[in-house]
Amino acid sequence: MANTPHGGVLKDLIARDAPRHDQLEAEAATLPSIVLTERQLCDLELIMNGGFSPLEGFMNQKDYDGVVAESRLADGNLFSMPITLDASKAVIEQAGLKPGSRVTLRDFRDDRNLAILTIDDIYRPDKEKEAKLVFGGDPEHPAIKYLNTKVEEYYIGGKLEAVNKLNHYDYVGLRYTPAELRIHFDKLGWTRVVAFQTRNPMHRAHRELTVRAARARQANVLIHPVVGLTKPGDIDHFTRVRAYQALLPRYPNGMAALALLPLAMRMGGPREAVWHAIIRKNHGATHFIVGRDHAGPGKNSKGQEFYGPYDAQHAVEKYRAELGIEVVEFQQVTYLPDTDEYMPKDEVPAGTKTLDISGTELRNRLRTGAHIPEWFSYPEVVKILRESSPPRALQGFTIFLTGYMNSGKDAIARALQVTLNQQGGRSVTLLLGDTVRHELSSELGFSREDRHTNVQRIAFVAGELTRAGAAVIAAPIAPYEHSRKAAREAVQSTGGSFFLVHVNTPLEYCEATDKRGIYAKARRGEIKGFTGVDDPYEAPTNANLVVDVSKQSVRSIVHEIILMLESEGYFERL
């Protein structure tokens, strides 16, 4: 028998509201609406299908305050993660929203009406408190960065009525709601289910870990990977799901099943581990594996872990009785070549030879095409990963040149384009500042905001081309550090590499060699907001390469860039 849902009742709003579908659909078309972001869509789906039971909507202030401070809803139920609907003041005022109002929630992907929210309250959260108590307070934490840069200033709380399910076009047969998964377990005759959370590909160690957990508890295994939002830079879920499917036959027949979870992770470590346990309980699992640094975001810029290695295990242990799902705490496992088996590290006899491949080492082997041994992963899994993560020589990249006008960056960009075209192996795209201004940003001016927008448009195009395997050479002035940082993050979020080249040619040289007389016009006041004259240029603090046309030839600079790319593995090595 499947586990009892958290709070006692599965809050399946889709099933509850199905008899009123036509009425709700008609009403939704008449109401003001809010278009949801990708993270909000993930949250909405799991509220509506009961994955976040006992929630029936986005948290009002009482629930939010209780969860932030004590991991408890206003009714006393344990819930460790704030689930909120953020909106800007402009959206709230434009829609005329207030307590008691009803508002339609829409899908940004296809503009469908998904739900109606009856508003309890509209409140301004204490983001600093939320960051500290929920995520630990480190401003480099991805959830805190998201909170401070993406989340709007107001939260809207209230209960939901489901209008339509979200549409998915990928792996539809693996997307079980909690109710559907419970029926699936019943059909299979499973009464004890160990759930395994992952946002990464699974290898032999993961298979051994889950089999050990199931064997010890006479249970079956639910592989329950996240396919919503994970950590930037993670392997895409399409690749991961193919790898999970390839792994399944390696389990004893009938032992394991695969189901996908449309969760937007927060990488919240201890808080997230408790949240994950609640979610798996709602999906019918009786046991849940919590490993080392569960749902942690890794290390900050100083090389420090955001959480202790076993903080998540301590958190779920603290609430073990309330969670109502048996938490399986597992140490890391390691490979013993002499006996060809995996074993938890704390059980390995002293002096025994062990082998491990870290995540960083695996990425390096995929990048370089180096051998990945079968003791680490199965050939069919490695084949899928290599298809989606080709070696660097087959990947795209972005060279982002920044500097004053007439610093020589355009000449460098053109010469580099010719050199890369001669090299062959990938298409090459040139995004010069003037060209982009004319073709993509003709309506933008030269205010700080417009300049930032222009650079982000360049970054978007560069990221998409880089994802497709092209070499992109961008050469805007890009005078602001925050714009360049955002551009780097945008390109890297697509899985591509971003190389910042600071063309550090002195302003005096740029001005003295300006044959078009642009600087002279700026000095006379005929052009306002001109970089280097009456608008600052913020020198990069993290350039991959610094060059100077007043001291170097364009040819030598291009050669430096080529050598940088070669050292990073972007050209075939004989």
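Any Cβ shown, glycine's included, is placed from N, Cα and C.
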Record-annotated sulfate site (Swiss-Prot): member among ALA115, ALA131, ALA264, ALA295 besides GLN197, ARG199
ALA295
Residue in ARG414, ARG451, ARG555 which Swiss-Prot records at the 3'-phosphoadenylyl sulfate site where ASP434, THR435, VAL436, ARG437, ILE477, ALA478, ARG516 also bind:
ARG451
Per DSSP, three-state class assigned to HIS206 (site 'Transition state stabilizer')
helix
Can you grab the distance from THR198 (active site) over to GLY291 (ATP binding site)? Cα atoms, rounded to a whole Å.
10
How does the model score the region 'Catalytic' (170-394) in terms of mean pLDDT?
94
Please list residues from the chain of ALA295 (sulfate binding site) whose Cβ is under 8 angstroms from its Cβ, counting only those at least six apart in sequence.
GLN197, MET265, ARG266, MET267, GLY268, GLY269, GLU272, ALA273, HIS276, ALA312
Could you round the CA separation between HIS206 (site 'Transition state stabilizer') and VAL333 (ATP binding site) to a whole angstrom and send it over?
8
Spatially, and counting Cα to Cα, which of the recorded positions is closest to VAL333 (ATP binding site)? Options: ARG199, ASN200, HIS203.
HIS203
Does DSSP put VAL333 (ATP binding site) in a helix, in a strand, or in coil?
strand
